[in-house]
Amino acid sequence: MAPAESGVSPRRNPSQLSWMNLSSNLILAYQSFGVVYGDLSTSPLYVFPSTFIGKLHKHHNEDAVFGAFSLIFWTLTLIPLLKYLLVLLSADDNGEGGTFALYSLLCRHAKLSLLPNQQAADEELSAYKFGPSTDTVTSSPFRTFLEKHKRLRTALLLVVLFGAAMVIGDGVLTPALSVLSSLSGLQATEKNVTDGELLVLACVILVGLFALQHCGTHRVAFMFAPIVIIWLISIFFIGLYNIIRWNPKIIHAVSPLYIIKFFRVTGQDGWISLGGVLLSVTGTEAMFANLGHFTSVSIRVAFAVVVYPCLVVQYMGQAAFLSKNLGSIPNSFYDSVPDPVFWPVFVIATLAAIVGSQAVITTTFSIIKQCHALGCFPRIKVVHTSKHIYGQIYIPEINWILMILTLAMAIGFRDTTLIGNAYGIACMVVMFITTFFMALVIVVVWQKSCFLAALFLGTLWIIEGVYLSAALMKVTEGGWVPFVLTFIFMIAMYVWHYGTRRKYSFDLHNKVSLKWLLGLGPSLGIVRVPGIGLVYSELATGVPAIFSHFVTNLPAFHKVVVFVCVKSVPVPHVSPEERFLIGRVCPKPYRMYRCIVRYGYKDIQREDGDFENQLVQSIAEFIQMEASDLQSSASESQSNDGRMAVLSSQKSLSNSILTVSEVEEIDYADPTIQSSKSMTLQSLRSVYEDEYPQGQVRRRHVRFQLTASSGGMGSSVREELMDLIRAKEAGVAYIMGHSYVKSRKSSSWLKKMAIDIGYSFLRKNCRGPAVALNIPHISLIEVGMIYYV
């Protein structure tokens, strides 16, 4: 059989495949400049001024400048080049990077999650099996120790939230620091520009940056990579020019002997200056956090071939210039730029600062969405700004909060050195946390020895600890800002997670017994009404208490009932083919099903608006699959709760016994409106006539029908499918709990503060669950419930 006939594409030779991989990685490497390296590449604007501020001004000499450059060179080599490129980029979660990716890996390979909604079926997800299978992972004593102690698992969650809150702090500090630093060049050439005028211009740029976030960056994203590349090439040649013109001997400073000499001369003052040196690697975490948009090869190529050499040459050239112009340290970058190219470089620097700020803002949105997916952030509005670029999101509430805080930083400090102190602490803390989780991954996921993990952790913590300790010395000089921001965001995230856990625990312990459910019938005055009732809860098993409340207050429920649970699993993405997990709750005559809708922590929830039709198709496929199972007849008379199957609505379109057709129904204007004398109704009539001159309203409606091949199925299966179709035609109602969560009277004062004040405030001021799930308001039934947790 020919390849075309068999459906198998012709095999490509190895040279073709290698060329395709090379070209693909080169394209991704090019695109990564605008997303990953914007922040890191603008560091030369403020590193040397921040390093030589404070007591180090007493050591303004050539040896100190050479030593500072040597420190910057080895910092760039050890942290971005060795730690991130060689080690961390190998620890991805299905291609995703960042602290949450490492935590997700740990949650899959060890039972670290505090929310007990995991199921065995989740482990069958294709993304779940990435890396060593959980079936083959040997239960090490360290892993068992973590799983047994809830306090340790809580501590791990707190560390993750601490890191996430620090990243949010980066989203506040980076725009203020980058924009102010790029604009500082105006004062180098225009002496009459005051600090106040510079601040006003910076605020205008910052307001414009945040105000345009709702438009999405995809319209101008194609410019991001060229801007950063032009910036890197510019600073490379400026650095090369300064080396040749001012002091070619600076090349010798790559030797670590200059670091020893530097500390021997400067002593404690030199150690404190490390808080400025670490600014040379701010933005490095973006190489790992944005891994999901690229490949590890593309990020490695971009950094090793372009970014690293350009930054090293620029810092070397700036140091060569400063060694002969010690008075230019406060504005070292712009003073080192040759006059003929000053204005082009100034424009490119400002644009590069905006690109770097944009990348950090986008990362902040992504981190908050991941926190929300893991149940650690209140429900917020997530707007997807691009139909073509997956994961490009905008969060209005967070955007305006970031803008207000960023403006407060710029106006309050007015000094890039103070903001740099805060920014350096935030970045180094995130790196510190990433190193810690990487060590855990080495033991738990990679199954390497604890000695190797301890060696990795100890080596990097010693290096990073030196920088962090120096940065912490500047807490009183602006360094307190990231801790205040982190404390606020972390408290909000943990309180929300704690309240969510307690609420889930209440639901779990107050599930309705199956015996009660089986006893529902006409003898109790219960009526089954036409339609499908979707009962939403967070329970993945059992019948939620809101259903009993609903039936108690309104003794009727729908002919078809589906208990729906929308939950997140510790993987970045769940494919549409694996999204729906369908099962049966009661014997067949009850027409009760369970649907678990699974999303990854980076997935988009219900964006297509076709949830009802996908659900009906999946249930129909489940009924068909169950009928073909020879063992199903043996268990038909008993409860099938707990038996779940993965169903694909996409697959059912081609193989299902249901056919889907879209019909256009025509509704005519109500005759009561036409004959009424009411002014209001008459105005409505005029609206109808303007929009539909014929008095017709056209509506699209999806209908399901059994295929011709369904005649061979059993009568009971056909009847069940017809009941499902008729119920869908009758309409779909959404039943949700309107919850009031309160602490018990016997609770401690701390718990009362967390639940009655903190969680209650967040719940009242966040989006409702119905809005977050895009549930049509006209079809919503809310059942009031009080949760005493």
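The backbone N, Cα and C atoms fix where each Cβ goes, and this holds for glycine too.
With respect to the membrane, I299 and Q392 are annotated on the same face, judging by the topological domain names in Swiss-Prot. Mapped onto DSSP helix, strand and coil, the topological domain 'Extracellular' (176-195) counts 14 helix, 0 strand, 6 coil. Touching of the transmembrane segment (301-321) and the transmembrane segment (69-89) is concluded from the presence of at least three CB pairs under 8 A, sequence neighbours closer than 6 excluded. Here the transmembrane segment (271-291) does not touch the transmembrane segment (479-499). Their Cβ atoms form fewer than 3 pairs under 8 Å, with each pair 6 or more residues apart.
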